[in-house]
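Peer 1: I have a structure here, written as structure tokens, and I will follow up with some questions on it.
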């Protein structure tokens, strides 16, 4: 199944598509950024994000959408645009009949690096390694969107089912265990 | 020209339509609330708001949309849902090719009551009087949406053009002057 990850934003909305296979294997399909100029009227920017996401869903036919959960607590200056873009992403997923998963940044970091407070570079590096890419996807928003998609796949029921049947590679098992122990350390939100 | 006012929200999204005529006269066309149950998944709620607004635009064919400007500073607990719903409202207006006006709550209060810190009841009372209704539109979200639509009509270029040609009634002139002096008192945002 393909998973579309969306790191919502107005100036740069990161998007990434991965294919989740057997044994928690994930394959890179697409990464990019929907950009809208800050000089455009807000409603036109939101419409551009909406159409961009809709076009991606049509092109890559994901079976699920993962969106970063936005909090009001940080980045007060930009949080409203981010929240509005996330609303657009969620409504677009629903419009296409796709199930949605919301993941916090620390959940994504824990799933990808085993550590919920990992630095951006560390997340990007692990996304590159997990997907077997030659370099870290750029810009960071695209890497974050791929991380969200991977996180969604690994945290979902598909991954949970595989834990029991021993089809993991040793590296995949290491990821899962790191994720688990990070989960234990995480403060309930 | 008809104006659709939207007081964005997830549990209750207020909507109101007025017809702006000559001499800043406004006529009541419609008021209502789009409700979505908090027990529904977030993406389904946002889709319902999106479809509700789209249906209203199709039914009442407004020429402009006025949306309340949302700030991150107040109501931190509910502000994210409100911001997401406002994003949906803005994108829907753009989708239908309609110009959008964003107005802060104090701009709306100043336009409707002459006082930017007016109480909710005062705004509702003035909406009732301005539109010649027998009672205050309920719930408050619907009255707020009508106030937004009136504010947009009165603050827009149509109203500005009429100021010069003496077609105002004495009551309308009083409104305009109250609005002006409230504007002077207002702190720039």
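Cβ coordinates come from backbone N, Cα and C, glycine included.
The active site annotation in TrEMBL covers A:7, A:68, A:141. The Mg(2+) 1 binding site feature in TrEMBL is assigned to A:7, A:141. Annotation source TrEMBL lists Mg(2+) 2 binding site at A:68. Feature annotation from TrEMBL assigns region 'Disordered' to A:165-189.
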Peer 1: How many other Cβ atoms sit within 10 Å of the Cβ of residue A:141 (Mg(2+) 1 binding site)?
Peer 2: 24
Peer 1: Which of these active-site residues has the least crowded Cβ, counting other Cβ atoms within 10 Å: A:7, A:68?
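Peer 2: Comparing Cβ neighbours within 10 Å for the active-site residues A:7, A:68, A:68 has the fewest.
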Peer 1: Calculate the distance in Å between the alpha carbons (Cα) of residue A:68 (active site) and residue A:7 (active site), and round it to a whole number.
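Peer 2: On Cα coordinates alone, these residues lie 6 Å apart.
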Peer 1: Sort residue A:141 (Mg(2+) 1 binding site) into helix, strand or coil using the DSSP assignment.
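Peer 2: In the DSSP reduction, residue A:141 (Mg(2+) 1 binding site) maps to helix.
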